[in-house]
């Protein structure tokens, strides 16, 4: 570029920085090798599937799936991890269904969790925006998008039709929220439900409420589904749950994490340490017996879970070795060009 054009460009950039603040315009190469900050999901298996050691900060995450599949459980584990590291968490309970006893069992510090149960969708999203813009909250969870009922629908008569009202509400809210979430480095998790499209003969009839905006604005989308029931004798004690990363802007997508969600306890940390330990040759399995460093831990997975609960130092040691081997570290993760693909979007 010749000197005259460069001078003109420098003048324009100076004027823009004067009007809009420093950093309003920059060269893309200035951000080369930047670091993607992340917050652990509370599950080493899911952290590995997400590719950057957890949920990326300053991004929007959508967690969706059928009823009772474990969506809220997954989000509550993330809140517990943030609080464990001294962060601040807020929960927008649009469904008015959060169980504080269960949340506490998952490790959530309920005395320091900011909770809002809004009267209508606009109120819930305004509260979420206020938390984000404060810059003082590390994670905001909205449970759920489907329950963010527009004010006009609540005040109207039963049976009134409000075509596209919720979709317009979400679209407007996300336009306002996305920039603020990025600047404040807040992790925003939106939990969503599943609906069936009427009259679909071919292809997947499932869709998520709230229009397409959330699909576009989300950096990560997780599909949570029950795979099978877990039993002790005849008693059902939990579910084997598949969490599929269907969209990921910060790492390769389509990875799948399988975790055990136990009733009243949440994700079984012992269960995933056993599974990943065997998979990565840290835990030895011979028949039904499991061993670590030559010492037998037990026969059968449930007995080994009990052993690890009684010997937490062994569990922590295996967990640490797993994170080292898989390259999962808390906090900042280097984002190299080859690890950061272009925007990927999957239509359900």
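Glycine residues also receive a Cβ, built from the backbone N, Cα and C atoms like all the rest.
Swiss-Prot lists 65, 66, 67, 68, 69, 70, 71, 72 with the feature ATP binding site.
Recorded features from Swiss-Prot, shown on the structure.
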residue	record	Cβ within 10 Å
65	ATP binding site	24
66	ATP binding site	14
67	ATP binding site	8
68	ATP binding site	10
69	ATP binding site	23
70	ATP binding site	24
71	ATP binding site	26
72	ATP binding site	24
Starting from the Cβ centroid of 65, 66, 67, 68, 69, 70, 71, 72, the recorded ATP site, name every other residue in that chain with its Cβ within 8 Å, sequence order please.
224, 225, 226
